[in-house]
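> Structure below; questions to follow.
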Amino acid sequence: MVSAVVFAIATGIGLLTDKYMLEATNYVEHYTVAMTPTKAEATFIKSAMYAGAIFGMVTMGPISDFVGRRAGLIACSAITLLGAVLSFAAWDVSVLIAARVITGVGMGGEYPLASAHSAESSADSSNGARNVALLYLFGSGGGPALCSIITYMLDCSGMPPRYIWRFIFFNGAVMAMIGLVLRVLTTKDAKQLTKAMKNPKGTRRDFILHYWRPLLGTSLIWCLFDVVEYGLKQNDAAIFAASADGPYRNSILMVFCQRLLAIPSLALAPWLLTRFASKWVQLAGFIGCTIANFALASGYDQLKESTLLFNAVYLVQLSFQSLPGVTSMAISAEIYPSAVRGTGAAISAAAGKFGATFGSFCFTLMKENGLIQQIFAVVTCTSCAAVVLTVLLTPHYNGHTLDLANELAAEGQPRKAVKVLYGGPRDADTSAKHFDNSLSPSSQESGSDTDTD
């Protein structure tokens, strides 16, 4: 039997690689001077991955509902490896952009598949969000920090810039190769997915009809979150360079320290999700982001005069950012029925990448025009909107709620499943049969929605 540690590494290494490759985008534009990319090309290098990511999400997620998560995860690792190797070997800007698109396809499929597989592999539904949080910790905590420290060491070594960016991508290719081998040897589909694939009972056909409200919530919230996360993270090396003097490597070191110091908040998230509902954790994160970014936007001129103070406030917003980073992935990975979980997570993640594309592209243009303060103002508004959407659209549930909703959906009653999902936390002794008996005759008549294929 494969150990829990090896299983966790095999599941999480794809996200680790993806976050590493995304962080690489933060630095590549500085080192690809020999290619002499135009401003537009430099922007496309940063945003190209998202075009591929959206395609990977909307294809690999639904496909995994039919062929299984194992096959999908292996395919994602292989595609990411191809993109990383091509990025390393790119001979001009157009090839590098194409390589980033290919990497994005593998990265895009990784999000819904890895999160759904992690949630489905939980022995207890109450631990699904915690497992996804641990996955996010491994990827979002380790990937960016690893990329930053490798880049810093390469810069300090005196290596010419034309080689530095290639070695950054080479390390990404090695990580993708390790992930591919581990997944081929160790990954298996969860039992609940195998059962759901054999007998979906109409859940797939009526998915959007009945699950439109939670789907709207997870999609819009993930979209707004990715505007914040990717818009800032792909430009914060330049943001720190604008607020401090010295060589570029100092900006890299600042980014590394920020990534490293944000890991405790990522480590705290799994514990919080065992004590509080995912909805409240997400709400706290967005409220914290709103307050911290408002401080950065309103006091930017004063804060940038003190590197220590500016970095401290930026770290506060980055730490709060970790909470909705975990929950946006966890909620979409556990609230949908197993038969369509890959599809639900994929649609949500794809919406997120639309936000990431907007944030990366627009924030880069704003940064090029020196509008750093305005970036924080946009992030403040985005976080505030996410607070409102969380209150209105995110369900308040526990593990027993998820078990009952999944049971009802498996029996071909998706309308009742959604009603349960938004009905609040439930007791352990509630079953689908008990839930049916608790309905009044009138509500049973109006709520009847049993489907058959």
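Glycine too: its Cβ is placed from the backbone N, Cα and C atoms.
Keep in mind that what you see is a predicted model, and the values were worked out from it rather than measured.
What TrEMBL shows for this protein is this:
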- 426-436: compositional bias 'Basic and acidic residues' (COMPBIAS)
- 437-447: compositional bias 'Polar residues' (COMPBIAS)
- 1-398: domain 'Major facilitator superfamily (MFS) profile' (DOMAIN)
- 48-64: transmembrane segment (TRANSMEM)
- 71-91: transmembrane segment (TRANSMEM)
- 97-114: transmembrane segment (TRANSMEM)
- 134-152: transmembrane segment (TRANSMEM)
- 164-186: transmembrane segment (TRANSMEM)
- 207-232: transmembrane segment (TRANSMEM)
- 252-273: transmembrane segment (TRANSMEM)
- 280-300: transmembrane segment (TRANSMEM)
- 372-393: transmembrane segment (TRANSMEM)
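Map the listed features onto the structure and describe their local environment.
Mean pLDDT for the domain 'Major facilitator superfamily (MFS) profile' (1-398) in the predicted structure: 82.
Packing against the transmembrane segment (48-64) from elsewhere in the chain are residues 21-22, 25, 71-72, 75-76, 79, 83, 97-98, 100-113, 116, 230, 342-343, 345-347, 349-350, 353-354, 356-357, 360: each is 6 or more residues past its ends and has a CB under 8 Å from a CB in it.
With a cut-off of 8 Å between Cβ atoms, the residues of this chain six or more beyond the transmembrane segment (207-232) that come close are 22, 50, 239, 282, 286, 289, 293, 318, 321, 324-325, 328-329, 331-332, 335-336, 340, 343-344, 347-356, 358-360, 362-363, 375, 378-379, 382-383, 385-386, 389-390, 392-395, 414-415, 417-418, 421-422, 449.
Residues of the same chain lying 6 or more positions beyond the ends of the transmembrane segment (252-273) and with a Cβ under 8 Å from any Cβ of it are 23, 26-27, 129-130, 133-134, 136-137, 140-141, 144-145, 148-149, 151-152, 155, 236-237, 240, 244, 281, 311, 314-315, 318-323, 325-327, 330.
Cβ atoms under 8 Å from those of the transmembrane segment (280-300) belong to residues 221, 225, 228, 269, 272-273, 310, 313-314, 316-317, 319-328, 331, 372-374, 376-377, 379-380, 383-384, 386-387, 390-391, 394, 396 of the same chain, restricted to positions at least 6 beyond its ends.
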